[in-house]
Each structure stands twice: as C-alpha cells, then as structure tokens.
Amino acid sequence: MNPGEHVTEIVIFTVLFLVVSGMGFVAARWRRPQDLASLNEWGLGGRNFGSWITWFLVGGDLYTAYTFVAVPALLFGAGATGFFAVPYTVIVYPLVFLILIRLWSVSHVHSLVTPADFVRVRFGSPTLALLVAITGIVATMPYIALQLIGIEAVLKTMGIAGSGFLSDLPLIIAFVILAAYTYQSGLRAPALIAFVKDILIYLVILVAIIYIPARLGGWEVIFGRAQEKFAATPAQGDGILLNANNQLQYFTLALGSALALFLYPHSITGVLASKNRNVIKRNMSALPAYSLLLGLIALLGYMAIAAGVKPIGTDNNTVVPVLFDQMFPDWFAGIAFAAVGIGALVPAAIMSIAAANLFTRNIYREYINPQATDAQEAGVSKLTSLVVKVGAVLFILLIDPQFSIDLQLIGGVIILQTLPSVAIGLFTRWFHKAGLIAGWVAGMGGGLILLYNISNPAIKHAHFGGSAFPLAKLGLDTKMTIYAGFLALLLNLIVAVAGTLIARAAKVPDGPDGTRPDHFTADEGDPRVKDLDLSSST
Amino acid sequence: MTTPESGQDRTDRSPWNWLLFVPIVLPLLTFLFNADEPRLAGFPLFYWLQLAFIVVGVACTTIVYRMTK
C-alpha cells in the first residue's frame, strides 16, 4: 500500500505513540520511590499497586496487541475454533483466584520476585529453579516478538512496512523508545501507559462493534456471510460451529492456554506487584470485563469476512487493521492503529522485565554473584531487559512472522511444563525434586516431539505447524485432534509421580523446604523473612 | 524469621471456593453450546452462550470474594 494515502493515519498514530512514550519516561517519578535501584522498585513497582493500577496492569498484560490482531485473524481463517480465546479467559480468573494468590503470599513473606525464586525456596533445588527460569525466558522471547507483529501489521496497513531494512526502521524506532523508557522507569512505565492503552482500546472497540455491524447490515448478515465463506472452502475444520473432530482440541486448548497463561513470568510479575491479597481477589472478579471485549474483538474476524477484506499478502494478521482502514474515517483509523501499537508496548515492557528478573535472580545471583546487592540486581535486570528486547527485534527481522507464531505455540507448550513445580508446588510438597526434574525433561522432550509432528499444509509447514495434534498419529482410529501441551503436561505429571516414588524408594536426598504452611496465606502487614540466605542450602 | 503468632490462624480454605469450579468447568462442556439455534440478536447460540459464561464467571468470583473476605 502507498503511505501517501495514509497521511492522516500516520500523523495521528505517531503523535499518540510519542505522547505515550513521554509518559513512560515520566513514570519513573510516579508514586515517587526513594530509590529505583532495587528489583522491588524497578521490577515490581514497589509491590504497592492498588486495585485500579493492578486492573489496568494485569489486563494490559494479558490482552496484548497480538490478541487484538491474531484472535480475529483466527476466526477470519478458521471460524469457531478461534473463539477458544473466550472460554480460555473465563477459566483463567478462578484459577488465579485459587492458585496464584498463594504465590503472592509466599512471595511477600520471602521477598520473591520470580516463579523460579519460589521453586528455589520450596524445593531447595537450584537446578530445578534454573530449569524453571530458563523455561520462562525461552517462552517469553517469542511472546515479545509477537507484540511486534501486532505493530508490524498496523504499519503494513499504513503502507510503511514491508521488506528490506529501511522499511523495518519505524518498527526499530518504536522498540528503541520502548527499551529506553522501560530501562529508566521499570514496571512503573507499563503500569502508567496501560491506562491510556485501555481507554483507547475500549473507545475503538465500542465504536467498532456498533458502527461496523450497522454499516454491514447487522449481525445476522455478518454470521451469514462467514457461514457462506466456510461452506465454500475445501477445509474440513472450519465453520461457524465446531465439528466432531475439533471439540476435544477446543476445550483442551482453552484449558491448557489458561493454565499456561498464569505460569508465564509476566502474568506473575503483574500479580506480585499488587499491594495485598484483596487487590488480587477483587481484580479476578473484575478483570473478566476484558473477556467480554475480547469476545467482541474476536468477531471482528467475521466482520472482516462480511466486509470482503483481503489481507495484505498472505498475512492474516493484517485483516483487523485493513478492516479499520476500510470502514473508519482516516482520523479514527489513526486512533485505532495507535491503540493497537500502544497495546503492544505495555505487554512487551512487562514481559522483558519479567524475563530480565528471571535472569537476574535465578542465573546471575544464583551462579555468578551470590552476594549481589539490591542495586547490582536492579542494574543487571535493566541491562538484561535491553538484551531481551534486542533479541525480540531480531526475531522479527530475521524470521518469517508466520514462524514466530509457531514459536509462540511452542512457548505455551513449554511454559506448561513448569506447572508441577510452580502451581502444584503451591499446594503440596509431596513431589521430590528429582521427580520434578525428570517430569520436566519428559514433558519438554515429549512436547517438542509432538509439535515437530504437527504439519500445516495451509502455511506449507511440515513441522511445528500448530498446536493441534492428530490423535491418529498415536494409532487411534479417529480424526480428532488434541492440544499438544495437554498431552505433554500429562506425560510430565506421570513421570514426576513415578520419579518421586523411585527417588523416595532409593532414598535420594530431597532439598529442604524453606516455607511454612502459614506463609501461603500471609497478607499485607505480616512480617517477612528478610534476607533469607539462599546460597547456604543445596 | 517470622514471629510465631503471625498469620497462624489464617486459612484460605473455604467451602465457597467450590463455586469457582463452575466457571472453570462450564466453558469446557462444548456439547452445551455447539449449536446455531436459538439465536439471540443475530448471534448463534455458540457465541452468545459463551459470552454469557463470562457473566457467570464474574458472578461466581465476586460471590466467593465477598464471602471469603
């Protein structure tokens, strides 16, 4: 597309983007900490966020630009299966309410910053903590890259991104700005920006779901056109309803994604930054307001079908931006594009902070400099957050975007393998550290083998072509598919149980548990275990 | 270390927590909602019922939050 036709959109996008970036720099002075040089302040915003900030922060964290672009793209391409995002976000909040709240308490008592910190204290095993930390970092990288794909889709629609180095320049500039203010302000930057992001997104979506259906002739017409499109395609799996073969996939994907979501280090960062247990609980009952929004956003995919949108090239991720470009006046399309672009910045910042904290606490402090001071930790995290973002940009520049979406699917499958040590570990200390390590190895290996064997002819990938594993490949006489992460997690759990029993029988020494039952229910104001000496235990 | 009297009596066990399993299980029962009819304002059942589950989720979580505060 020609950038000349999109001057109004480009100007509005740029102005809003720069205003918000300015806020990111000012955020360092927001809720004035005496000193930003500690992970508590830089990486967790002082662990003092109340209900409103947490609502915007966690919401901004879980509903990313990629969600706004990719979920409708899924409905556009495959129909009902893409709607799994709605049940998935219904399931996730009660799970957090029951499980992550205990992580908040034990982290409060022990000044923990990452999920791997918890595993370190709970199971007394630096090795297991290292595995959890590496899993978190590896799973987060492609997730950050996906945020860039959201920005890229918008830039493409405005005609200012394509191929070659110069066309990638706007994307690189956007990320340099993001990196600079995250470096300076830490978690305060995305927390403050999240307000603007959400106001813009709500505005755009409310207008979109009233204005666009009205112009297209109503919801009957939209669903009818989608039905016609899917009926005309040769593919078996699409349609506005599920069929006999993808129902198992639908619910295992919804459940698996919900379990994976709160194991991602960045969602944990958002939860740990809140002030007390009540803030989290209240948020878990209020956050589903976003799910309603997500459900309606998803249906933008069908609106794009009804409006006859053609994606740019083969990139289905551009259908929502193109729809906005076709339906809205230029000035409002500019606001909508800014909403998507800023929507990418908030989660990308939180994710890079979370990954940096994992490196600092569970690799740098554990293996490189056990005597690290608070200021040194903050310094290392700030630098690592830059490295992580450079890595994400390289992902986008060097790798086909379609491939990085596949990497994201792998990310979900691998982060699920930390469930036995993190989520189950919050309730029981039954597992032996050796069993958990064996389970992790089995689940990770098994998961990657499953993913390797998933092909996707539509995007010409023989391997890693998605997350729907055909049960027929296990020798079952059926066309049904199942979410690969679900099978890998089952394998992980079975091996972890067997490994625990074997380790007990062989009297393999287990690590010490640094927690007490009341640590899991502690609240704001309870005394903390300060300066816990992590380096003395094995 | 923590002082002995801290938080000893607090617990997060409550029968109300069972209510949270409703929004966890309900969205997984695909046979409940995998149908076109009846439509609501042009939305097939598959879409409006799953959006309605969000409201069920909010209601259950809010009740449990109020009762366990």
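Cβ atoms are placed via backbone N, Cα and C, with glycine included.
Just so you know, TrEMBL annotations are computer predictions that nobody has curated.
Features reported for this protein in TrEMBL:
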REGION    A:513-538  region 'Disordered'
TRANSMEM  A:6-28  transmembrane segment
TRANSMEM  A:49-69  transmembrane segment
TRANSMEM  A:75-101  transmembrane segment
TRANSMEM  A:128-146  transmembrane segment
TRANSMEM  A:158-183  transmembrane segment
TRANSMEM  A:195-214  transmembrane segment
TRANSMEM  A:248-266  transmembrane segment
TRANSMEM  A:287-309  transmembrane segment
TRANSMEM  A:380-399  transmembrane segment
TRANSMEM  A:405-427  transmembrane segment
TRANSMEM  A:434-454  transmembrane segment
TRANSMEM  A:480-503  transmembrane segment
Item to check | Distant-in-sequence neighbours of the transmembrane segment (A:480-503), which means Cβ under 8 A and at least six residues beyond its ends | outcome: 244-249, 252-253, 255-257, 259-260, 409, 412-413, 416-417, 419-420, 430-432, 434-444, 446-447, 450-451, 454, 467-471, 510
Checklist entry - How about the transmembrane segment (A:75-101) and the transmembrane segment (A:380-399): do they have 3 or more C-beta pairs under 8 A, pairs 6 or more apart in sequence? => result no
Checklist entry - Counting only pairs at least 6 apart in sequence, do the transmembrane segment (A:434-454) and the transmembrane segment (A:49-69) share 3+ Cβ pairs under 8 Å? => result no
Checklist entry - With the transmembrane segment (A:128-146) as the reference, which stretch in A:6-28, A:49-69, A:287-309 has the largest tally of C-beta pairs below 8 Å? => result A:49-69
Checklist entry - Sequence gap of 6 or more, Cβ distance under 8 Å, 3 or more pairs: do the transmembrane segment (A:287-309) and the transmembrane segment (A:6-28) meet that? => result no
